[in-house]
Amino acid sequence: MYLEFFDQYILFSLFLGVIGSSVRFVERNEWGAQPPSEPLKKLTLPVPYVIISHTATDFCTTQSECTFRVRFAQTFHIESRNWSDIAYNFLVGGDGLAYVGRSWDHVGAHSFNYNIKSIGISFIGTFNTVVPPKVQLHAAQKIIELGVKAGKIASNYKLLGHRQISQTLSPGDALYNEIKKWPHWSPQP
């Protein structure tokens, strides 16, 4: 019985890509999220866009530092921007972890006119002149890959940098030049 369950777990894990080169998600309760100030709207899935941004804050390399940055971003978005929650669906830290923001199922507040049709992934840090470390890039790529496998992101999605749809420098020149090499990057929205 145990072996049968274990075999099924291994097969399911391989299907989702969670063995070996995957990413660990830090759930909202783990990073100490406050509840949204109002109910979040549901996304219509799968979404056709993935939007990459950066937080334009200090970089983080440990779960403790990254947790602090994520909580700070949420507080800023709720208290200063008057948004109902942290803007992003996910954030990726220099620790290689994926921090759950609004998750797969809820409309973000990261990209005006694209929130209702995209998953927003923000890199914690400022990447104007420095490319994020490989563990951070890998985490973002794995989020996208898992989203496609789970039916949350369309298989023919378009990958865009935040600057392509908003008047911003985000995700920074260095990160933008990096994501232009990724599958599904599109020069046009």
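Heads up, residue numbers simply count up from 1 along the chain you see.
Here the Cβ of each residue, glycine as well, is placed from N, Cα and C on the backbone.
TrEMBL entries are annotated by machine, without manual review.
Cys60 (disulfide bond) carries neither a helix nor a strand DSSP state and counts as coil. TrEMBL lists Cys60-Cys66 with the feature disulfide bond.
Remark: secondary structure over the domain 'Peptidoglycan recognition protein family' (23-166) totals 43 helix, 33 strand, 68 coil, with classes taken from DSSP. Marked as domain 'Peptidoglycan recognition protein family' by TrEMBL: 23-166.
Residues or ranges marked as domain 'N-acetylmuramoyl-L-alanine amidase' by TrEMBL: 35-172.
Taken together, the residues in the domain 'Peptidoglycan recognition protein family' (23-166) have a mean pLDDT of 98 on the 0 to 100 scale.
Ranking the disulfide-bonded residues Cys60, Cys66 by other CB atoms within 10 A of the CB puts Cys60 at the bottom.
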